[in-house]
Amino acid sequence: MSKQEKYAGASALQGLSLGQQSAYISQYSPALLQPVPRSLNRDDLGLTGELPFQGCDVWTLYELSWLNARGKPMVAVGEVSVPAVSANLIESKSFKLYLNSFNQTRCDSLEAVQAMLVKDLSACAGSEVSVTLFPLAQAPHHIAALPGECIDEQDIEVDCYEFDANLLQGAAGNDEVEETLHSHLLKSNCLVTSQPDWGSVVIHYRGPRLDREKLLRYLISFRQHNEFHEQCIERIFTDLKLLCHPSQLTVYARYTRRGGLDINPFRSDWELPPTNLRLIRQ
């Protein structure tokens with residue numbers, strides 16, 4: 001059974017603006033924000049008690065504009081961090097529509113807009129969300145490279161594009177290492193619309209050495225898989241812990257932007273999130 005079929009009757013997905021024609025409201029409307037319970041996929045992963053990781057979902061906002069007190073348009077770039085312990089993730093299309101609602105709204109200052117975002121996003125997520133807005137001249141603009149070794153250049157024949165955690169069976173070697181690996185070949189699909197989500201993923205771990213071919217095949221198997229960005233990264237973390245037994249693990253993905261937003265989920269049992277620096281595809 002596909003993830004779409006599995007979640008087809010989920011009440012949490014009913015009424016989402018995602019996949020529907022939407023009116024673009026240009027006056028401030030926090031009611032546009034829509035939460036999705038994280039339990040929707042965490043129950044499936046057995047994550048019903050204390051979480052085995054900490055982390056956050058870091059969003060970058062590229063299309064944010066409002067009017068100042070005199071009616072002149074203002075623009076900024078934003079960084080939002082939603083804690084992984086929050087009850088809900090924030091549905092991305094509703095986030096975009098919410099940001100658009102600032103377009104014809106008069107606000108006294110950048111700080112006032114930032115405070116509105118903190119209040120509304122925290123209410124949607126069910127936990128305190130941090131927001132930083134940058135005037136364009138102060139916005140981070142460096143294009144970064146992922147840390148560690150890329151596993152994408154392996155010359156392998158691939159024929160499995162349906163998600164299969166069993167591709168990690170036997171991926172844990174005998175020698176203990178600490179290493180960082182990354183791949184740019186992560187691709188999954190939106191749970192509701194099946195639109196492609198393109199990402200790059202970093203895996204930093206201590207424990208039995210990972211078989212890089214098996215790891216790459218596993219990551220490629222997400223190619224026809226339907227789940228939200230955040231859910232995919234928690235699935236990768238959980239599968240690696242269960243099947244490869246690292247003593248310490250970080251899984252961090254950076255997805256390409258859609259609708260002026262990019263989502264960058266970070267999950268770890270031993271590290272804090274890195275600086276939010278975009279990749280070449282972002």
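Glycine is no exception: its Cβ is also placed from the backbone N, Cα and C atoms.
Keep in mind that this is a model prediction, so the values were computed, not measured.
Among the features that Swiss-Prot reports, substrate binding site is placed at Ile90, Glu91, Ser92, His229, Glu230. For Ser92, Lys93, Arg258, Gly259, the entry in Swiss-Prot reads NADPH binding site, with the evidence type sequence analysis. Look at Swiss-Prot and you will find Cys190 tagged as active site, thioimide intermediate, backed by sequence analysis. Under the heading active site, proton donor, Swiss-Prot lists Asp197, citing sequence analysis as support.
Here the features listed in Swiss-Prot are painted onto the structure.
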residue: Ile90; record: substrate binding site; contacts (Cβ under 8 Å, 6+ apart): Leu33, Gln34, Pro35, Val36, Asp57, Trp59, Val82, Leu121, Cys124, Ala125
residue: Asp197; record: active site, proton donor; contacts (Cβ under 8 Å, 6+ apart): Lys187, Ser188, Asn189, Cys190, His229, Cys232, Tyr255, Thr256, Arg258
residue: Glu230; record: substrate binding site; contacts (Cβ under 8 Å, 6+ apart): Arg38, Asp57, Leu89, Ile263, Pro265
residue: Gly259; record: NADPH binding site; contacts (Cβ under 8 Å, 6+ apart): Glu63, Ser92, Lys93, Lys96
Least buried by Cβ count (within 10 Å) of the binding-site residues Lys93, His229, Arg258: Arg258
Ser92 (substrate binding site): tally of other CB atoms within 10 A of its CB: 23
Those recorded positions listed as Glu91, Cys190, and which of them has the most Cβ atoms within 10 Å of its own Cβ: Glu91
Secondary structure of Gly259 (NADPH binding site) (DSSP, helix/strand/coil): coil
For NADPH: widest Cα to Cα gap among Ser92, Lys93, Arg258, Gly259 in Å: 9
Local backbone state of Glu91 (substrate binding site), from DSSP in three classes: coil
DSSP three-state assignment (helix, strand or coil) for the residue listed as 'active site, proton donor': strand
